[in-house]
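Colleague: Pasting the relevant annotations from Swiss-Prot:
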- Glu170, Glu228, Asp259, Met260, Asp262, Asp295: Ca(2+) 2 binding site (BINDING)
- Glu170, Asp226, Glu228, Asp262: Ca(2+) 1 binding site (BINDING)
- Asn261, Asn263, Asp293, Asn301, Asp353: Ca(2+) 3 binding site (BINDING)
- 863-880: compositional bias 'Low complexity' (COMPBIAS)
- 498-603: domain 'Cadherin 4' (DOMAIN)
- 863-883: region 'Disordered' (REGION)
- 1-25: signal peptide (SIGNAL)
- 160-724: topological domain 'Extracellular' (TOPO_DOM)
- 746-906: topological domain 'Cytoplasmic' (TOPO_DOM)
- 725-745: transmembrane segment (TRANSMEM)
Amino acid sequence: MCRIAGAPRTLLPLLAALLQASVEASGEIALCKTGFPEDVYSAVLPKDVHEGQPLLNVKFSNCNRKRKVQYESSEPADFKVDEDGTVYAVRSFPLTAEQAKFLIYAQDKETQEKWQVAVNLSREPTLTEEPMKEPHEIEEIVFPRQLAKHSGALQRQKRDWVIPPINLPENSRGPFPQELVRIRSDRDKNLSLRYSVTGPGADQPPTGIFIINPISGQLSVTKPLDRELIARFHLRAHAVDINGNQVENPIDIVINVIDMNDNRPEFLHQVWNGSVPEGSKPGTYVMTVTAIDADDPNALNGMLRYRILSQAPSTPSPNMFTINNETGDIITVAAGLDREKVQQYTLIIQATDMEGNPTYGLSNTATAVITVTDVNDNPPEFTAMTFYGEVPENRVDVIVANLTVTDKDQPHTPAWNAAYRISGGDPTGRFAILTDPNSNDGLVTVVKPIDFETNRMFVLTVAAENQVPLAKGIQHPPQSTATVSVTVIDVNENPYFAPNPKIIRQEEGLHAGTMLTTLTAQDPDRYMQQNIRYTKLSDPANWLKIDPVNGQITTIAVLDRESPNVKNNIYNATFLASDNGIPPMSGTGTLQIYLLDINDNAPQVLPQEAETCETPEPNSINITALDYDIDPNAGPFAFDLPLSPVTIKRNWTINRLNGDFAQLNLKIKFLEAGIYEVPIIITDSGNPPKSNISILRVKVCQCDSNGDCTDVDRIVGAGLGTGAIIAILLCIIILLILVLMFVVWMKRRDKERQAKQLLIDPEDDVRDNILKYDEEGGGEEDQDYDLSQLQQPDTVEPDAIKPVGIRRLDERPIHAEPQYPVRSAAPHPGDIGDFINEGLKAADNDPTAPPYDSLLVFDYEGSGSTAGSLSSLNSSSSGGDQDYDYLNDWGPRFKKLADMYGGGDD
């Protein structure tokens, strides 16, 4: 049929509202589903529709739930929906022969969930109208009429239609291309037009899904659609003439892909894990499982429902859990969850679309694993009512007893972990109970020393609890309390001194043999008959001794407060007390002697060395006194000069500045520079006072205008100490030893040079009597000889006719030899290097000395040797028959040869 895009609603005739709702009864009880029970509502109306006229009624099922649903029409300008689902006409308009299509939306006000249903309104046919077109006829979409000029004025066109969308189901089986609508312009009667469509699905990706016949305007789809990929296509239709000029304004064409139930629900996880505490009441939330469906969630195809297919194990009830069919929330519906009996439940969950319709809906399953978590519903119970243990006295951190308990709760959880406490029998807190994290046992431990002589046994009352309180309604049984009997074992303890340290006050200077005090040690083992012996452990100055039996301490030397072993007037000595127990034990005690000072040290001058100028002005010497005693046996001091020698008071004068300082000055106008020893009498304030003549070494020197000595040497340089003298002597001795070693080394070096040979042994050295022999050639260059001269010895010329160039190099030249300077005498054997260098220089300057860079010709000795080889040259007699004594006459060069053959029997 024809859909006029530009036709106004006022042209639709009003027909009586006739609702045709057909629901096929299948004989089965359908499951309740929320939403519209029908996919499409249709009504046949009269030609004229009046404002406020009820047209039809749409039903909405909320499955007995009090949903507040609000209705809305896709064409609010023409239709409205009342709260009860009645559809009214907003205005009056004639209903045309074509169908009027629109959508009705229902939305939950609370959850914002939305449903929709299609409504088709058709006009009741009349006798004068053409019969209805066949169903296979294609719907047309006509371009709206344009504004046109008429009699020089513009005419307004009537309000255009908003073209309803085209609904096209997904997964259509064709055949393809499948015709949808025909797009046409009213101007095709006068012009030759060309039609085209643009937009995604046509000329934009994905391209080629929709095509249009450019001449007829037939719009077709070329392949099945998938709503899950693209749910809506928005195309634009164009009409141009054959020259490409736009004839009509483009119109929008919306193609909705209608969802089909082609996707099964998919769970987000195949295995869901949840937990619930044991003993939970019915209605306790456990977990939520969720599945999704790729189909339209606002249609039945995407509306899921959940249910539990099975539960394992089925104890104590086969229906311990239930699931909300819409949300997937799993809750408990029965009591009796006990982890000690069933620790885990496995549920098979099914999700079905089509609102759970088992006939038409698609389903999928997942597994829900529910773990029953432990609660503290089982208190710990001791395995015995009384536990026993023992501990040696004075021992700490010792495990006395091991307490064992049983707990049926899950191990290593707060409901199983035991916490022990001592409820009685330990008022002073000498014991503590630790928990073994692995075995959950209680370890009774001693944390404070126990004295056998005070407590021989303890009876403790202990209680066992958990780290978390017991579940509501659970009480601790009597087995959660036990008794621990601890026996204390007597051991040999250390003797001890009281008080320790012991402090006494004594004057220094006590003579040896003076009894100071008695140290007495006590043995805490009252029930053991033991003897104590005393020994000295520490006595830094070795002043004391102790009686081994009674502990009496006596001096063996004079006590001196000024000793370096006395710190802050206190002398410390340590003594040891040992018993004869098994094993023997010992204890230490300290004696502190506070030494009172006596005036036993005379004062000394300080400093002991000073310097002054030769004249009284401009400086003087400030002195003080050093006294190792303390007040009142020290200062104030009195300073004076002795009467003898008389030069002291003649040259010097001393003035007391205060009780601790005095000033020494020159009394005469000039004193020659030098070192002077000035005796000074110093008296302290002790009772009786103690005096001392102390020597002050004064260096008198020449001074500059500032009163400073111009001498470089200090007073210490006036004399050498013993150490300096020893150092100087050692340096002198070391220097002498080095010189002596150098002389010995030089002499030995000279001897080695005399004994060293140049080319031969020292005994063969004949440089004092040089012998000259004929030389047969030079160095390497004379080895390059002519083999032909050796192979043809007959061609050798006589000496008289030999050319000069081929004479033997070892022959003396015939002409007069040039005179060369006579070589100097051989140098001393110690300077072998100089001797070799001089000989080399002389040989280089001698033109007659071989070798020459020339051919060497040797004398011809005849041919035809009777000896075929060197081995054939054998003496007619043995070596013993020959006399080699003549070798001794050949000189030192043949001495070795003479020794070899003339050595007699050797």
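Including glycine, each Cβ sits where the backbone N, Cα and C put it.
Source: prediction; values computed, not measured.
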Colleague: Within 10 Å of Met260 (Ca(2+) 2 binding site) (Cα to Cα), which of the binding-site residues Asp226, Asp293, Asn301 do you find?
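Modeller: Those close enough are Asp226, Asn301.
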Colleague: Determine, to the nearest whole angstrom, how far the Cα atom of Asp293 (Ca(2+) 3 binding site) is from the Cα atom of Asp262 (Ca(2+) 2 binding site).
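Modeller: Rounded to a whole number, the Cα-Cα distance is 10 Å.
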Colleague: Any idea what DSSP makes of Asn301 (Ca(2+) 3 binding site), helix, strand or coil?
Modeller: helix
Colleague: For Ca(2+) 2, what surrounds Glu170, Glu228, Asp259, Met260, Asp262, Asp295 with a Cβ no more than 8 Å from their Cβ centroid?
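Modeller: My list of surrounding residues reads Asn171, Asp226, Arg227, Val257, Asn261, Asn263, Ala294, Asp296, Asn301.
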Colleague: Starting from the Cβ centroid of Asn261, Asn263, Asp293, Asn301, Asp353, which together make up the recorded Ca(2+) 3 site, report each further residue of the same chain whose Cβ lies within 8 Å of that point, ordered by sequence.
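Modeller: Apart from Asn261, Asn263, Asp293, Asn301, Asp353, the close residues are Asp259, Asp262, Arg264, Pro265, Ala294, Asp295, Asp296, Leu300, Gly302, Met354, Gly361, Leu362.
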Colleague: With every protein chain in view, what's the tally of Cβ atoms within 10 Å of the Cβ of Asn261 (Ca(2+) 3 binding site), excluding that atom itself?
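Modeller: I count 19 other Cβ atoms within 10 Å of it.
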Colleague: Out of Glu170, Asp259, Asn261, Asn263, which of these binding-site residues is nearest Asp226 (Ca(2+) 1 binding site) by C-alpha distance?
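Modeller: The answer is Glu170.
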Colleague: Please list the DSSP helix, strand and coil residue counts for the domain 'Cadherin 4' (498-603).
Modeller: 0 helix, 48 strand, 58 coil
Colleague: Cβ atoms within 10 Å, counted per site: which of Glu170, Glu228, Asp259, Asp262, Asp353 has the most, among these binding-site residues?
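Modeller: In terms of Cβ crowding, the pick is Asp353.
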Colleague: Other than its own, how many Cβ atoms are within 10 Å of the Cβ belonging to Asn301 (Ca(2+) 3 binding site)?
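Modeller: Looking across every protein chain shown, the total is 23.
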Colleague: Measuring Cα to Cα, how far is Asn301 (Ca(2+) 3 binding site) from Asp259 (Ca(2+) 2 binding site) in Å?
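Modeller: Their Cα atoms are separated by 7 Å.
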Colleague: Hey, how far is Asp295 (Ca(2+) 2 binding site) from Asn263 (Ca(2+) 3 binding site), Cα to Cα, in Å?
Modeller: 6
Colleague: Any same-chain residues 6+ apart from Asn263 (Ca(2+) 3 binding site) with CB under 8 Å of its CB? Would you list them in sequence order, or say none?
Modeller: Glu228, Asp293, Ala294, Asp295, Asn301, Asp353, Leu362
Colleague: If one measures from the C-alpha of Glu170 (Ca(2+) 2 binding site) to the C-alpha of Asn261 (Ca(2+) 3 binding site), what distance in angstrom results, rounded to a whole number?
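Modeller: The Cα atom of Glu170 (Ca(2+) 2 binding site) is 10 Å away from the Cα atom of Asn261 (Ca(2+) 3 binding site).
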Colleague: Among the binding-site residues listed here, Asp226, Asp293, Asp295, whose Cβ has the fewest other Cβ atoms inside 10 Å?
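Modeller: Checked Asp226, Asp293, Asp295; of these binding-site residues, fewest Cβ neighbours within 10 Å: Asp226.
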Colleague: Within 10 Å of the Cβ of Met260 (Ca(2+) 2 binding site), how many other Cβ atoms are there?
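Modeller: So the Cβ neighbour count for Met260 (Ca(2+) 2 binding site) comes to 17.
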